[in-house]
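Per Swiss-Prot, the features are as follows:
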- 15-194: domain 'Guanylate kinase-like' (DOMAIN)
- S22, P23, S24, G25, A26, G27, K28, S29: ATP binding site (BINDING)
Amino acid sequence: MKPAKSSPVQIARRGLMLVISSPSGAGKSTIARTLLETDRQIGLSVSVTTRQRRPSEVEDVHYHFKSVREFERLRDSDALLEWAEVHGNFYGTPREPVEQAMGEGRDMLFDIDWQGAQQLQEKMSADVVSIFVLPPTMTELQSRLHRRAEDSEEVIQTRLANSRAEIAHWREYDYVIVNDDLNAALDAVQSIVKAERLRRDRRHGMFDFVRELLEETPSL
């Protein structure tokens, strides 16, 4: 008679804050969307923003769209973990849903710029895993912005002008990926997430597991 299979070992851990940044058009949103579709342990931190909603975007799914006055009220009441002004618009991360998810062991994905990433590192560095996505060339970056066909030519040129300043912050991130092949870039991000979830200091349930393991008396 074969012995019954034991249940998979479940070790409690604290959720991680996965930050993915890049200049517009480098691929962070596509990578983020694919992660959310394929990994049930990851939830999206939905940012608040004052920018105009694009035709393809859904309220409270892609962003919480707010007026400048509403945004300032959230910021001034300490309801945002981080905030930044990007391309003339305000963006910020609501505090409450993130802290709740982290405490329950769920990972939160942040599609934010270097300013937001910097603020999160300053406030919650032990929880943050940051990834910067680079385009293979500036020419390809420009082509992707045109293919997206969601912004005017004026907006595209503004994004290109700002991209060099954004790229200059790549050294501030834990990991850097060149997105010349989307599948390869996605594989790299998934590998990072798997490894970071196994870090000893993130798995607070490991202490009890090891203690019980050492106290166990084997029985045949």
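Residue 1 is the first one shown; counting continues down the chain.
Placed from the backbone N, Cα and C atoms, the Cβ positions cover glycine too.
When pLDDT values are averaged over the domain 'Guanylate kinase-like' (15-194), the model yields 91. Sorted by the number of other CB atoms within 10 A, the binding-site residues S22, S24, S29 start with S29, the lowest. A C-beta separation below 8 Å, combined with a sequence spacing of at least six in one chain, links G27 (ATP binding site) to V133, P135, R144, N179, L182, A185. Taking the mean position of the Cβ atoms of S22, P23, S24, G25, A26, G27, K28, S29 as the ATP site, the remaining residues of that chain whose Cβ falls within 8 Å of it are V133, P135, L141, R144, N179.
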